[in-house]
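Enquirer: In case it's useful when we look at the structure, here is the feature table from Swiss-Prot:
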| type | residues | note |
| --- | --- | --- |
| BINDING | Gly602, Pro603, Asn604, Met605, Ser606, Gly607, Lys608, Ser609 | ATP binding site |
Amino acid sequence: MSNTTPMMQQYLKIKSQYQDCLLFFRLGDFYEMFFEDAKEASRVLEITLTKRDAKKENPIPMCGVPYHSANSYIETLINNGYKVAICEQMEDPKQTKGMVKREVVRVVTPGTVMEQGGMDENQNNYILSFIKQDSNYALSYCDISTGELKATQIEDEDTLINEIVTINPNEIVVNQEIDENLKKQIYLTTETITIRESISDASYEVNQLTNNHMYLATQLLLDYVYHTQKRDLSHLETAITYAAVDFMKMDYYAKRNLELTESIRLKSKKGTLLWLMDETKTPMGARRLKQWIDRPLINKERIEERLSIVESFMNHFIERDTLRGYLNQVYDIERLVGRVSYGNVNARDLIQLKHSISEIPNIKSLLESMNDVASNQFSSLEPLEDLLQVLEDSLIEEPPISIKDGGLFKQGFSKQLDEYLEASKNGKDWLAQLQAKERERTGIKSLKISFNKVFGYFIEITRANLQGFEPSKFGYHRKQTLSNAERFITDELKEKEDIILGAEDKAVDLEYQLFVRLREHIKTYTERLQKQAKIISELDCLQSFAEIAQKYNYVKPEFSDNKTLSLENSRHPVVERVMDYNDYVPNDCKLDKDNFIYLITGPNMSGKSTYMRQVAIISIMAQMGAYVPCNKAELPIFDQIFTRIGAADDLVSGKSTFMVEMLEAQKALTYATEDSLIIFDEIGRGTSTYDGLALAQAMIEYVAQTSHAKTLFSTHYHELTTLDQELPSLKNVHVAADEYQGELIFLHKVKDGAVDDSYGIQVAKLANLPDEVINRAQVILDAFEQSQNTSDNEEHSNITVLKDSASVEGFTDDDAQNANNSDKKSQTTKNAIENEFEQASFNLFDSEAMTSEIEEQIKNLNISNMTPIEALLKLSELQNQLR
């Protein structure tokens with residue numbers, strides 16, 4: 001574009017360096033966008049798209065936003081996945097001849113937001129990088145708003161994906177094109193993936209990372225952060241290394257299925273474990289709580305250390321209540337310190353910092369009065385009295401937001417500033433006296449002396465008072481004409497204006513310099529402030545644990561050395577909270593080395609899934625160091641939790657419900673150990689009945705013979721309930737239900753033994769399906785059950801249990817041939833049954849329903865809860881009635 005103006009040439013040159021960003025190009029009081037940037041921004045921001053050089057042959061698309069309100073527009077663009085490069089004027093246009101120098105001072109990306117309004121205060125804003133070296137991965141991530149920086153090494157892709165999901169970054173930086181399947185998995189977390197082809201000469205050092213892979217991953221991350229932010233980030237902490245195996249492992253599906261931090265239906269915090277447990281009082285505590293939920297501990301000593309502090313707060317109710325009041329006055333120290341270091345802190349932020357650190361002595365004194373494990377654990381709390389005094393002496397209590405307009409500092413903080421302010425004040429007093437004098441001299445009572453930034457000070461007279469008024473007679477010089485007034489200046493006013501404005505300008509300039517000096521002084525406290533923030537966040541989490549334990553009647557869990565899981569009257573903490581507490585039915589669970597598999601049967605909607613979830617959630621809460629919703633809890637320490645709950649296609653990867661089910665089952669069967677917990681909810685329902693039944697049985701046998709992981713397995717395949725005869729480690733339990741006058745009543749109580757009825761039609765009635773459908777289903781079911789009974793008399797059960805001598809690996813060709821012959825015989829019988837069933841069902845459908853008193857009695861029998869003796873007695877009674 002040879003005919004473009006010098007300004008547009010400057011724009012195009014800068015834009016060529018930031019092609020993946022929307023360029024905010026500063027022109028006066030606006031940030032302007034051009035070409036495709038303007039089209040995109042106008043659409044997303046819903047602002048007017050105009051044209052530059054509209055009368056020329058090829059006008060340039062253009063839009064803009066005011067610079068003073070740009071943050072809200074930038075926030076909207078970032079939330080829509082864009083990056084924004086901010087290009088500022090580096091010179092004062094009024095004092096520059098020719099083209100004003102411009103350059104990009106910062107690139108805002110989803111992972112580098114620093115503005116308070118652009119972030120959820122209760123969520124970290126992570127940016128993450130990883131590299132692949134041979135078959136291993138190294139990963140590093142940070143939150144530049146808080147200074148947190150961590151790195152780890154990972155052995156395989158599955159663990160990498162799990163770790164990325166746990167961290168939940170808003171942006172990912174990689175050094176090469178990544179595998180398409182891996183990219184799809186990453187898109188579960190974030191769509192902002194940046195590829196960096198090379199690392200620039202670093203102006204920083206990655207300290208204390210001896211592992212070369214982690215060093216390179218962290219260097220890649222920091223190179224990108226410094227490249228986009230273009231400033232000192234001294235608040236970034238020294239990189240902390242960790243190992244994923246130091247925490248309980250849960251993959252994306254487990255966290256989703258258990259609804260730990262996000263609900264499945266609403267995609268929100270409400271209705272999750274995080275929602276239940278969050279009684280924190282500070283943003284730092286809320287963020288720490290989410291981290292603890294995502295990473296339960298596996299170190300028994302650390303778990304019990306947290307539990308002992310929670311117990312201390314439980315025993316000191318009054319002190320805990322007082323502590324909550326103190327914490328409520330603490331602002332987000334982590335992010336306040338981050339803004340100090342970053343350079344975008346304002347005076348109101350520093351007042352918040354002052355109030356926050358003023359509470360530390362109160363908190364420390366309170367903990368010391370408890371004189372127990374809590375006071376010892378948090379003894380490193382530091383009052384920071386010297387910093388508090390500096391803030392107390394310097395800033396006024398309610399300063400303006402802008403740091404460039406003055407009015408920030410207390411009188412007495414700076415002698416020079418006081419002199420400027422006094423000169424300005426005296427000048428304003430003089431102006432008030434001049435206004436009174438001019439009113440007297442001219443006889444115009446409404447005359448006033450005013451000021452604006454364009455014209456300075458002036459005398460204003462309304463048009464109604466101008467009739468017969470001669471300005472020259474009073475030494476007035478016309479300055480501006482308005483529709484309803486005239487504005488004048490006098491030589492005396494002009495002379496005083498220079499003095500007043502000179503003092504004001506000097507005062508404003510000096511206040512800005514003083515504020516920058518104060519900010520730099522506070523930066524020297526960065527490390528100490530970050531340490532206090534970390535302590536307060538952990539303290540806040542632990543008092544929150546005590547608060548919910550007291551409020552909802554939780555107990556302190558104990559950890560067994562013999563790997564026993566024993567829960568008495570356990571409850572699902574979230575379901576219990578949304579229900580009336582007295583309506584929730586608690587249940588027991590007992591798994592140990594000998595009986596480590598529960599096979600759970602019962603009707604739909606009876607509470608099987610809730611029961612399994614509550615066992616998993618109680619285990620997570622316990623390993624976080626929290627009390628749990630039970631009367632008594634003895635638990636092992638689980639290394640991993642695997643879940644297969646619910647039916648949902650994976651639309652991202654294009655996988656069916658059944659494929660997702662099998663993939664989740666594969667992970668559990670492959671990676672589970674004796675120290676793992678497996679939750680399988682109705683495995684096999686995504687395929688044909690016989691395939692599903694066979695797979696479900698094979699999985700149960702595999703767990704029983706290999707990993708010995710503690711397993712809760714719910715099913716509607718009632719044929720599986722005979723497995724307890726061959727697998728000593730398996731125990732049948734069921735969730736009880738009752739029938740009363742043809743209506744199904746859920747008891748929600750888990751009892752020993754199996755049931756052979758899923759009450760599907762009764763559940764359908766509860767869902768208000770049409771009566772015609774319900775009646776038709778009952779007829780078909782009766783016919784099918786009659787045919788099935790005939791079949792059962794002709795052949796044995798299809799359930800075949802592998803003996804210990806015939807392990808999964810030892811399944812022979814002869815076994816396969818026998819199974820094939822059995823399948824053929826079963827298929828012949830099955831075809832005959834289906835023909836008989838089909839004929840019977842249509843005959844029954846056309847007949848009228850006959851009812852009688854005896855039929856009603858039979859219909860209302862709860863066979864599942866009757867003993868054999870009770871059944872025989874009832875049968876005899878009915879037989880007598882028929883005679």
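Glycine residues also receive a Cβ, built from the backbone N, Cα and C atoms like all the rest.
The structure displayed is predicted, hence computed values, not measured ones.
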Enquirer: Among the binding-site residues Asn604, Ser606, point out the residue whose Cβ has the most other Cβ atoms within 10 Å, with all shown protein chains included in the count.
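Expert: By the 10 Å Cβ neighbour count, Ser606 comes out on top.
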Enquirer: Work out the three-state DSSP category of Lys608 (ATP binding site).
Expert: helix
Enquirer: Taking the recorded ATP site as Gly602, Pro603, Asn604, Met605, Ser606, Gly607, Lys608, Ser609, identify the other residues of that chain whose CB atom sits within 8 Å of the mean position of the site's CB atoms, giving them in sequence order.
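Expert: Neighbours found: Ser714, Val735, Ala737, Phe746.
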Enquirer: Among Gly602, Gly607, the binding-site residues in question, whose Cβ has the most other Cβ atoms within 10 Å in this structure?
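Expert: Of the binding-site residues Gly602, Gly607, the highest Cβ count within 10 Å belongs to Gly602.
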Enquirer: Around the Cβ of Pro603 (ATP binding site), how many other Cβ atoms lie within 10 Å? Please give the count over every shown protein chain.
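Expert: Counting Cβ neighbours of Pro603 (ATP binding site) within 10 Å gives 23.
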Enquirer: Among the binding-site residues Met605, Lys608, point out the residue whose Cβ has the most other Cβ atoms within 10 Å, with all shown protein chains included in the count.
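Expert: Counting every other Cβ within 10 Å of each candidate, the maximum falls on Lys608.
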